[in-house]
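The following features are taken from TrEMBL:
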type: SIGNAL; residues: 1-20; note: signal peptide
type: DOMAIN; residues: 195-295; note: domain 'Ig-like'
type: TRANSMEM; residues: 308-333; note: transmembrane segment
Amino acid sequence: MLLLLLLLFEGVLCPGESTADPQAPGPPHPAGEEPLNFRVIQIFSFANHSWAHTQGSGWLGELQTHGWDSVLGTIRFLWPWSQGNFSKEELKNLQALFQLYFHGFTREVQAFAGQFQFEYPFELQISAGCRIRAGEASESFFKGAYQGTDFLSLQGNSWQPSPGAGSRAQNVCRVLNRYRDIKEIVQGLLSNTCPRFLAGLLEAGKAELERQVKPEAWVSKGTTPSPGHLLLVCHISGFHPKPVWVMWMRGEQEQPGTRQGDVLPNADGTWYLRVTLDVATGETTGLYCRVKHSSLGGHDIIIHWDGYSILLILICLTVTVTLIMLIVLEFWFKKQSSSCYILFRLVPDLAMGADTQDPRGSAHQLCSAQESWAKNRYLKKWKTSLSQL
Ligand SMILES: *[C@@H]1O[C@H](CO)[C@@H](O)[C@H](O)[C@H]1NC(C)=O
Ligand SMILES: *[C@@H]1O[C@H](CO)[C@@H](O)[C@H](O)[C@H]1NC(C)=O
């Protein structure tokens, strides 16, 4: 059966682990200890019996290395080193295999949708790949999901329904397991092609993978969780590699209420993380956010919450003082201009010195010029400092 064959091919290309474990707070691992995996992710969206959309991508750990152009049927190499150490010939063969696979898989699923009780519209996701750890045999993975929920996986020598996937998955696996050849092809791709490709990729992409970028960190106040409480937020951004350790602390005490969000990707390939702490308003004294990351060489980043409140107070003070000064200046200018007129009125000779018929007029001009010059000069200065805040 073509479906099975295709499934096998897909497996061959390297079944992989689907999602990374949520990162529990813990000391960062040196990058080298992480087993790295390569996986191919395929997403098939079936709108009805005649319309389907496919997407494919290749991932080295958290880093996307390959795309799939579903119109041209070609592999897109996203990095100069994305070809690993495979020859052009070998890559062309893989590409041809994927073309056949994407096309055939879609057709077969549509043909068997009724028998497998797939209900339109539905989505199938497949993650297949392998991982290697220095000095150990490689492991491979092949997982399938239906409508976003785990559906089946390849376990050793057989297709197994995922726990809770029900009779539909059992039925599909029963059919798939009859096709021993397909299973063997998949296993071959997973346990031979994939680790070879991964090893070459790791070598070629070493510089990118080992790139160390220091995080920036800052704190802010989050949405107040409840009256009388504050949500302290520690932001960490722009770091690479992904493992990072962040904790709200007081003295040497880790605050157990620390909550860590997901580590999210920035557009430039670095990472972002938000770590919060819910505290009673009066209990923020001495709290600080501590960040450990491999790029920091043991010099943890420490940001004090008090520093943030002091900064806030400083900003408020500066703004207030600035406003007061502006008001005072405004007054001063008004006074200044009236005394200017008084001066000219009292000492008409001074104004008469200028060759003009209208001493009042010239005095007025002189005063306005002086006034606007001073006003501009000071107001501009204050406005600039205000806007810089
Ligand atoms: C199938 O779905 C596509 C995309 O939603 C739609 O354009 C098309 O008209 C549908 N065809 C049938 C036969 O329902
Ligand atoms: C690529 O590199 C890996 C590991 O260094 C090696 O096993 C493999 O033979 C190399 N060449 C090819 C074409 O796979």
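Cβ coordinates come from backbone N, Cα and C, glycine included.
Across the domain 'Ig-like' (195-295), the model assigns an average pLDDT of 94. Break the domain 'Ig-like' (195-295) down by DSSP state and the numbers are 19 helix, 47 strand, 35 coil.
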